[in-house]
Each structure stands twice: as structure tokens, then as C-alpha cells.
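Here's the structure, in C-alpha cells; my notes come after.
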Amino acid sequence: MDEISTGLDSSTTYQIVNSLRQNIHIFKGTALISLLQPAPETYNLFDDIILLSDSQIVYQGPREDVLDFFESMGFRCPERKGVADFLQEVTSRKDQEQYWICKDEPYSFVTVKEFAEAFQSFHIGRKLGDELATPFDKTKSHPAAMKTEKYGVRKKELLDACIAREYLLMKRNSFVYIFKLTQLTIMAVIGMTIFLRTEMHKNTTEDGNIYTGALFFIVITVMFNGMSELAMTIVKLPVFYKQRGLLFYPAWAYALPSWFLKIPITFVEVGVWVFITYYVIGFDPNVGRLFRQYLLLLLLNQVASSLFRFIAAASRNMIIANTFGTFALLLLFALGGFVLSRENIKKWWIWVYWSSPLMYAQNAIVVNEFLGKSWSKALVEIPCVFSQAVVYGAIVYAMIGFEWTAAKFFWYLFFTFFSQLYFTFFGMMAVAATTNQHIAAIIAVAFYALWNLFSGEMLVGPSKALFMDEISTGLDSSTTYQIVNSLRQTVHILNGTALISLLQPAPETYDLFDDIILLSDSRIIYQGPREDVLNFFESMGFRCPERKGVADFLQEVTSRKDQEQYWAHKDEPYSFVTAKEFAEAFQSFHFGRKLGDELATPFDKTKSHPAALKTEKYGVRKKELLDACISREYLLMKRNSFVYIFKLTQLTIVAMIAMTIFLRTEMHKNTTEDGNIYTGALFFTVMMVMFNGMSELAMTILKLPVFYKQRGLLFYPAWAYALPSWFLKIPITFVEVGVWVFITYYVIGFDPNVGRLFRQYLLLLLLNQTASSLFRFIAAACRSMIVANTFGSFALVLPFALGGIVLSRENVKKWWIWGYWSSPMMYAQNAILVNEFLGKSWSKNASTNSTESLGVAVLKARGFFTEAHWYWIGAGALLGFIFVFNFCYTVALTYLNPFEKPQAVITVESDNAKTEGKIELSSHRKGSIDQTASTESGEEIGRSISSVSSSVRAEAIAEARRNNKKGMVLPFQPLSITFDDIRYSVDMPEEMKSQGVPEDRLELLKGVSGAFRPGVLTALMGVSGAGKTTLMDVLAGRKTGGYIEGSISISGYPKKQETFARISGYCEQNDIHSPHVTVHESLLYSAWLRLPPNVDAETRKVRVFCVVSTFF
């Protein structure tokens, strides 16, 4: 258990460790607990101590002998000094000398290495060495001590547990499904009005093309409706990885419920779409075709959900999925049968066509519609028409056949991999974060240092009033002392004001403060000089013991469970004094009266300078604000250079692929059909360049928390933050668009005029900037990955449908024409087509009977504008969109706040305080150990545990009996753990190599050895950065990177990580739990999967109740 006391007061930590101690002693368990600086009463609960410093073990053995070892080295713990504090400081260069007792001998610093070597010759060290050198007698260990089954229950139980948990999460996330259904209903109504039955005829192939566009819009909408699975899957991945590592369940037991439990929702969602739109749009009235469309969209929605779940599981990180997904999915989209027909796809890319889910869906839904009776009077040219039996068979083959044979399953994954445009199309890369595992590991190491970064941010400014919350979290007492001492000097010298919140500071840190505010049950108990706080409580009848830290006393004297021990009037009966009574008594205390008088006296403003309060909102001029934000944004861009390099590489690869798809030698300029192929190439170019800016969505959302914090502290206004994130990206846009245009333009075979080349370059430059601005605005407006994902499909599919490709201008309904004119894609598409088709290479006559040029004929055939000035209209419109989107981005940053809001916490004790008389102590007194079981376990302990004295065992059993604990005892096999010469190293960071460090590896554990025995509670201690968490991670098998050397044995058997998780538990310093599941539900789920299969449901509930009662 790693740093279990973080954020807890000493009383709560004591109760937890005491409960663990009883369990360990009675059940002969093995426990290693890492603590930074436990309070004296908590320290005295441990049997053994491991002191780690500078990645080496300085001492390992009984707690009673640790001071003898250091005295043999010439260092003694002062009488009033806590032993834990002494052990923390005696190996520190800055604190060691004060403990030197050999005053007749000169002092010299004793290094950690010298302590470690001296311990080998100390009698405890020699005994430990002899134990490690002696082979373990495996006859003393039951062969079943190491689990042979990988999972705790049968496959059916595994699946049942995962189904129950997934169903619970779906209920807790019901808002997402309701929101999706509402959004789909709105989109269905919009689809009805765009493709309205009264405006759509069935007389010509042109009418058929409009219906084809309507069906394509339906396919895209239904497919992207499954995109919310991406966000929800990535959000749940950290919990899955943790539970998979603990062998809760195999991956298939987790994956199956997340698939088939969503099927009923799919029935409802697709039903809403089909039964709203089918007859209103005017599809074939045959009811059989209605239900066949329903079935097809049902399968498509399931394909989409499965696809997005796969993308989430494969990517694991939002930015990676977004950046790489653009490449994979745009290619699939281009070759799905809509941009290019099957006949026009090059033979070396035909395999992508056959592997595109869009192709199968589009062909099937088009065949279902156009082979109906309402189309029997007209011959509609539909590319790639297959019989229905062949199409449905191919879909079933792709969905089921690929999954059950090795070769087909491989191709299924390959095809799905190339289907990620559905994800990046709406910027849903922004859901990730899950986090990159390597970056997460670095952040985990430096986590607590971030708490103190805020202090530095505040101190470098001109702040005269400092408010600092829990700055000591994760720091040892020596470091905390130095920080508070520096702040004290700053406040005294500069005459500042500081309010610092600390949980339980060490005595020397407590003595640095001038005033004390004691808060309990939302009331101020005391506020005044530190020297008088004990006098106040003595006036109330409570006295701090001589060897008790004042901070610990103040923490416990207001607590119902700890207050009685400090009652000083033994000749008077004790009754609990509530926080309310303390607060009322303080009003009559002399410092309370003085404070009241000060507050009642109006402040004399003549004693304060008028400039004491700032009149300017920000600290520097506007130019300085902008310069600072530019410098910071430039630094962030350099630190994220990998993203921009990756994007440029991706763009280069896609440009080369586009060259081979639309190859000049295969593309002619003789007919309007040839022009349609060039139109598809230009549409693909517009799509590619536009969605290349999607990475801005992820990077913007990830930076928003820091922005909101600094905006609230008035570091800068929103415009000073927004402008650099816009114009510093312009040079990158020049490079990216240049790579695309200068690679593809002449190879594809666009008009060879160099002027038109540079005009296409300028247009795509503006389009890329428009896209980046749009995605930044969406990120700032949505502020959350899941919200951006769910709402993004509604926001982006509509402009896509009204951009001029799915529906030409003439076919857009008059009540939706505003959507056409407000679509950036429309202006980009018209401008780039005008630039191409009005060139000389398209100037030949369209036919012998027409004087119209071929280029103009192509433009008219697709409903685009034919005037040359439309290039400049399009370019100007895109420039306008850039300013509009950046303005909206700035407005969103200025006025919108993060979704998270602080919630009030109501303490339970405040309710209990209202009752009279003595009340039963909190639930930790309600136990989990049966008296009979305690007796049996006590006898067993007496027979087998040699490392714990009989008095300690008897004390533990007696304490359990005194508490009258009730509950159950499960079968438990005691184990011992030994580790010998463990070394852990990582590759030397490049920064350290650049500073002249010659080694190739950085060693984090330096040959540590030790043993943990059954029935022994061991404390792992050391200063911050000593290597406590690293050692715990190595022993628990959590280190997946780096180099591990040495041996770890479990009761004499070599440790096997695959089954070690079944017999061990690891409480991490920063653990991961689902935010949608309560603590009780998490324990029930864990018990279901971790307890033996012969334990029934009722017994599991009793066990969970016992655990909850013990620790909560």
C-alpha cells in the first residue's frame, strides 16, 4: 500500500493502520505500507521498518531495534523528537549533524552507502543476510499458495459480473443516450426538411442523384451517431487496464457486454430515424423496403459503434487517434464509392473499395431504394449495383466471418483501422486522454511537485495576499519546513499577508506560524496568536500532553472519537463538547472579544494608501501581456513539435496516396465524366486540408484547464491568449499546404498554368486557417471531450450536407438555402473548382453542338458557379470565416467557464453532534472479525508466526474481542515474500546526457534486498524521492518499462506475474476508480470477481459490509 495517509489526518491514518494490523496479525497476512512521516502513535503500530534513502535500504528489521542501529553509528534521536521524523532526517545532509552524539569526535557526513554497508554488519542485517542465503523450505508452504487459475470465478460468472457492471454504467450515463436520441430526432427533422417529399420527383436520373444524396446523408448520420462510443470507451480505459492487470476478468468478458447491451438502444435510435424520415422524404412506399432499410441502418449503427470502440481501444489517446485517423479515414471515405465510382478507382486501390464499410452500406441502401416499384419507370445509373442477397451476404461475411478465423479476423481489423475518418471527422480525438502511458508515468512521479508550482506562480508576481491550500501534500517535513520558513521571511520582510492551509504540520513547522485559525465542522473554533491556543482549550478543560504535537492535539480535540483522552478534570464527569460550543466559548475568550471589537470598529481608510488595492485589472500593459502570451505559446509549440512533425509527415504520405489515386496518366479531360473525376479529386483535397486542422481541437481542450486557472487569477485577458494561438500557427500552415499542393498539383494533372497553382495554394492556405479557427472555437465552446463529440456530429454533418457536393445549389430547399450560403465548404469548393475548370486545359468545347467550354459544362452539371470572380469571392469568404471563428473563439474563452463546479461537503459528525449523551463511535468500530474465528486464528498464529511475539498476537486478538467485531472469515493462505539484489534502471534522459552524464542508464533502485513475513506489518519509510513508490511498483509488477534485475520469490517459488495478481493487492498512491460507480458498488464488483467461486452472493455482500464497516 503506497502513501495511504495522503490527505488524511493522523487519527484517520491511525485507525486504518490499526485495522490492517489486526487483520495481518490474526490472519497471518503480509503487508508492506509506504508512509512519508507517520505520527508517533501510527509508527508504533508497525512491527518491522524498512528505511529507504537514495534508492538503497538503510535499515530493515524490527521497529524496536532501529534506534540501536543508528546509535551504533553515532546518532541519537532526541527525547521529544518523533522517531519517524528522526529517521527521515538522519540520512539527510542538511539535517544529520544535529543528531551527532559523539561530541568528543569530529563529525563528518555519513552517506547512505555507508549506512547501508554498516547495516550488513549489524546483528539484524547479518540475520537478514543469513535468511536470504538459506533456501526456502517449500514443505512449509502449501502448493496452492500460488494460484493456478488465472481468474477467480468461472467464465459465466465473469461475464455476469461484467454485464451487471456495464448495465449499471449505462444507467448512470443515461443522459448521454437521451442526448443522442434527442440529437438524432432533431437531425431527422432537419433531414426531412432538406429532402422534402413534395420537392423531390422520380422522373430523371438527376432526380435519382438527389435521392442518392439523401441516402448518403442518412448513412453518414447514422454511422457518426455511434461516435459517442469513442468518448465513453476511452474514458473507461484506465479503470479497465487497472482491473485487467489485477486479473479481475479477461478482455472478452469486458468487451462483450459493451457490445450487446447497446443493441436495444440501437433499435430505438435507428427506429426514430427511419420511422420519422422514410415516408416524409418519399422513399419507395413498399413496407418491406422500409423494414429492410431499418435492418440495414441497424447493422450500420452497430458497425459504427464497434468501429469506434476499436479505434478507442487501439488509439488509447485522443491526439494520436485524431492525428493518425485523418490519414486512415479520409482515404476510406474517398474510396467508399461516393467521391469516386468503382470504375474510376485505380486497380491498385480497388482493395480499399472492397474493404470499406461505407461502400457496402451505400450500395445496399441504394439497391433497396432504386429497385423498388416507384423507380421502375426510369433507368437510374447507380454505380456498383449488386443483388440484395450478395450485398447482405458480404455484410454478414465482413461482420462475422472475419471475426472467427485468424486470416479473416486480421483483415477485419485492417479494414476497421482504415475506417477512422468517422472519428476524426468531428474532432473526437479530443476525448483521450486517456492518457499516454509514458507521459502518465512521468506525471505520476512528479504529481505532488505540481501542488507547489502554484506557490511559485504566485510568488513571482506582486501578490501581497497569498492563499495556499495543502502545500505540504506529498512532501516530507524537512521540505515543508523550508517552504513555510521562506514564506514566513517573505511575509515578515515585505509586510505581506498569507493564509496557508495545512492538515497536520510537524512541530517545527507549526512553530513558524504567527496566528492560528482552527476550523471544525464549518465553524471557526479559534483564531488568534499561536502561543495562546493551548490556553483557550485549557480553559475549556482540555490539555495537550507533554509529548504530543500541538498540531495533532488541535486536530483531535474537536473530534468525538478522540476528545475524551485530553480531558484534564478527572474529578469531573466528561461530556462531549461540540464544535458549536467551542465556537461560542471562543467569543467570550479574551482573544475572541478582542477580535469582535476589531471587526465592530469601522476601518480608518486614512491609514491605508489609496493604491493599496490595485485599480488596473492586469499587471502590465497590453503589449507586455501579448508578448508574454506569444512567448509562452511559442514555447508550447516547440515542446509539442512532435505533433506538427507527425502532421506534416502524415500530410506528405496522404499527398503521395492521392497522387496514385488520381494519377495524371489515367485522367483525361475530354468529357464531363472526366470532369467529375477531377471534381472528386478537388473535393478530396478540400476535405484533407480542412480536417488536417483537427489536431487543434485536442490541443486546445487539453490547455483549457490551465487557461481557466490563469484567467481567473487575472494573468491575462482572453484575447491575449487567443491571438498567439492563431497567428503563430500561420507559418506552419504555409509549410503544410505547400507540401500538399507542390506534391500533388502537377502529378494529378490540374491545369498547368503556374498562376492557378499559386491561387490553389492561397485558397487552401485560407481553408486550413479556417479549419483551425473552427476547431479552436468548437473546443472553447464545448470545453469537454464528450460534449464536443456528441454535439459535433450535429454541428458538422449539416454544413457538409449543404456544402454543394451532396446536394447541388439548385436542389437545396429554399428554407435551407441560408445553410448553403453559410457553409465554408461551399465557398472553398466553388473557388477551387472555378480556379481549375476555367483554365486553358478545359477550354475545349463540351460537344460539337455547343460553344460552351468543357470546364463550364462540368461546373454547370454539378450546380457550381461558372464566373471567374467566384474564386475571389470564395477566398474572401474564407478570410472572413477566419476572423469570425477566431472572434467566436475569443468570446468563448472570455465568457464561458469550465463545466466542473465545486460541491459542498456536509460532515456526518455535525449531525451526530445534535444528539445528546454518548453516541456509538463511527462505523470503524463495527467490525469484521468473528470472536470464534478470532480464537481459532489466534491459536493458529501461536503455532506458526515466529516474527511476532506472543504478546503482540494476544493484544491483537484481545483488541478484536474488545471491539466485539462481527463478520466472517474467509480461507486465507499465509505467504512470505523475499527479494534479493533488486536493481531498476531506465534509459538516461537526453537532458542529463547533454549535461555530461556518461552513463547510458539511470539507476533508480540500487541492489535492494529484503523479506516480508506472514503476520508482520512493515512500514516502508524514506524522504520524498527516496524510491518508495518505485520499489513498490517493482515488487507489485507495475513497472512495464525500464530494466529490472534481481529475484523475487513468493514462499520459495519464483514470482509469476500472471498469477501473482490473484494473491496480492496493491493500493496505489493515486488509484483509479470509475466516477460513475460508488465505493460500495466497486467493492461488490471486486468481491464478485476476486473471491473464490464457492462464495455465494449473500456471503460476498456480508464480506463487503465487513470491509466497509472496518475502514469507513
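Placed from the backbone N, Cα and C atoms, the Cβ positions cover glycine too.
Note that TrEMBL annotation is computational and uncurated.
Check TrEMBL against the ranges 682-706, 1082-1106 and you find transmembrane segment recorded for 682-706.
Here the transmembrane segment (682-706) does not lie next to the transmembrane segment (294-312) in space: the count of CB pairs under 8 Å, restricted to residues six or more apart, is fewer than 3. The stretches the domain 'ABC transporter' (1005-1094) and the domain 'ABC-2 type transporter transmembrane' (626-837) do not meet in space: the count of Cβ pairs below 8 angstroms, excluding pairs fewer than 6 apart in sequence, stays at fewer than three. Between the domain 'ABC-2 type transporter transmembrane' (159-370) and the domain 'ABC transporter family G' (37-88) there are fewer than 3 Cβ pairs closer than 8 Å, counting only pairs 6 or more residues apart in sequence, which means the two stretches are not in contact. Within the domain 'Plant PDR ABC transporter associated' (842-906), the DSSP-based counts of helix, strand and coil residues read 35 helix, 2 strand, 28 coil.
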